[in-house]
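Worksheet: one structure, shown below.
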Amino acid sequence: MTNIHTDKILILDFGAQYTQLIARRIREIGVYCEIWAWDHDPSEIAGFGAKGIILSGGPESTTLPGAPVAPQEVFDSGLPVFGICYGMQTLAAQLGGATEAADQREFGHAEVDVIAADALFAGLTDHAGAPRLNVWMSHGDHVSQVPPGFTITATTDRIPVAAMSNEDKRWYGVQFHPEVTHTLQGQTLLRRFVVDICGCQTLWTAANIIDDQIARVREQVGDDDVILGLSGGVDSSVVAALLHKAIGDKLTCVFVDTGLLRWQEGDQVMAMFAEHMGVKVIRVNAADRYFAKLEGVSDPEAKRKIIGNLFVEIFDEESNTLANAKWLAQGTIYPDVIESAGSKTGKAHVIKSHHNVGGLPQHMKLGLVEPLRELFKDEVRRLGVELGLPRTMVYRHPFPGPGLGVRILGEVKREYAELLAKADAIFIDELRKADLYDKISQAFAVFLPVKSVGVVGDARAYEWVIALRAVETIDFMTAHWAHLPYDFLGTVSNRIINELRGVSRVVYDISGKPPATIEWE
């Protein structure tokens, strides 16, 4: 079987918001890569076996004392090195060049003139055939003097060194960000570094990943049974499909129907996994327990804790009935791993980690199976399609762990959940009909616990309000509200009010993030 980890790239993270995007672009090329904090134990670099090293951007300044630096082992390794933004600046500063604060910080589109055709830039031109690239800049400092042995390969009107290289050492640097889509030929530059300069084979494909994980899972669990908390979300669904292919009936999924899921989602999950794929699924109808626990609770955090703790309690109860289960499968993905690892100094960018299954009782004593822990979300989706899951399931919008519990403002009641689930289904149905669903990042309905005066027939009505929310975003850290057509919104509003008894008004949320969050609670 092909060893898909043979050729790989190491990315040292200096805290850039785009570091994970660099890794995703490398993976899209077909090459495995890992992200390590810049202050990761340098003695492990040689043992990792990378074919090349990328130094990411970052928010620090090389002109200040104590700025993050690349370990000397990077330069002693003999490997190709590619510095991006801050990565190029520290490359210059550490190897005998100089950096300085720019008179003006540069953010956004820029034109880079290629003045020396090295292995990165040879033959690259703009649409008119000129040696010029449209790129994305995001920096305050810049390289003012290249180190000995380096050549300036690109420049702009604002900075003298937009790119540099030492071809003998195979060391390269660019001040712009090739990983973002605004840099039009950025993927070509990354491919040239990874494939042409580093010599990596493109072995990282969905089919190869599936074969690799099946072999790993079989070796890890042997003849033991595995249990999985199946939520119906993308990650757990892909884990279920992958493990079923690997170990068949040795997998048992526990699906807890909380009563807070999307419209008819419980039936859809059972139809897909139990009936169509033949996966062993235990469905626990726990709606009564959830609504009883949530009665009178309106604080969002309190609701989250109740919903999460009750899931753990129910999952524990069901696992006790499976005496042969020795392993717990989780849908942990690579960003969870990166965020949990963090940095020794705290200078690397650390985001809160989000675990698919957290706080499970210690007495369960189960080993962990995490077949997605090397994968980004987009890779998980591609695996799902390769495994035969419907595209509508694999590419659907994010849904919060507590479900409708945090889309019902205030106290959660069964009748509110049923009303909201139906309203949400109407919104999503119309988005799909209008071919808008895949053009926005997330869309959903929210139940507002306020009543509004309306007129139904000839009678006065005093009924509930439903809010619609749709956003466009790349990373969910910031988001713009989606400019949906007025006629479309009118159609959705009419359907909700006409089809759902108890709703007299529909409103559309036009708040961005920040200041608002995407979810209302």
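The backbone N, Cα and C atoms fix where each Cβ goes, and this holds for glycine too.
For C85, the entry in Swiss-Prot reads active site, nucleophile. The annotation active site is assigned in Swiss-Prot to H177, E179 on the grounds of sequence analysis. Among the features that Swiss-Prot reports, ATP binding site is placed at S231, G232, G233, V234, D235, S236, S237, with the record citing sequence analysis. The feature domain 'Glutamine amidotransferase type-1' is assigned by Swiss-Prot to 8-203. For 204-396, the entry in Swiss-Prot reads domain 'GMPS ATP-PPase', with the evidence type sequence analysis.
Recorded features from Swiss-Prot, shown on the structure.
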residue: C85; record: active site, nucleophile; Cβ contacts under 8 Å, 6 or more apart: A16, S56, G57, G58, S138, H139, V174, Q175, F176, H177
residue: E179; record: active site; Cβ contacts under 8 Å, 6 or more apart: Y18, L21, I22, R24, R25, I84, G186, L190
residue: G232; record: ATP binding site; Cβ contacts under 8 Å, 6 or more apart: F255, L261, R262, E265, G266, Q268, V269
residue: G233; record: ATP binding site; Cβ contacts under 8 Å, 6 or more apart: G331, F399
residue: V234; record: ATP binding site; Cβ contacts under 8 Å, 6 or more apart: K377, V380, R381, G384, M393, V394, R396
residue: S237; record: ATP binding site; Cβ contacts under 8 Å, 6 or more apart: L230, M272, F273, G384, L389, M393, V394
(request) Measure the Cβ-based neighbour count of S231 (ATP binding site), defined as the other Cβ atoms within 10 Å of its Cβ. (result) 25
(message) Return the count of C-beta atoms lying within 10 angstroms of the C-beta of H177 (active site), excluding that atom itself.
(response) 24
(request) Specify all same-chain residues, apart from the site residues S231, G232, G233, V234, D235, S236, S237, whose Cβ lies within 8 angstroms of the center of the Cβ atoms of the ATP site, ordered by sequence. (result) L230, V238, V239, G331
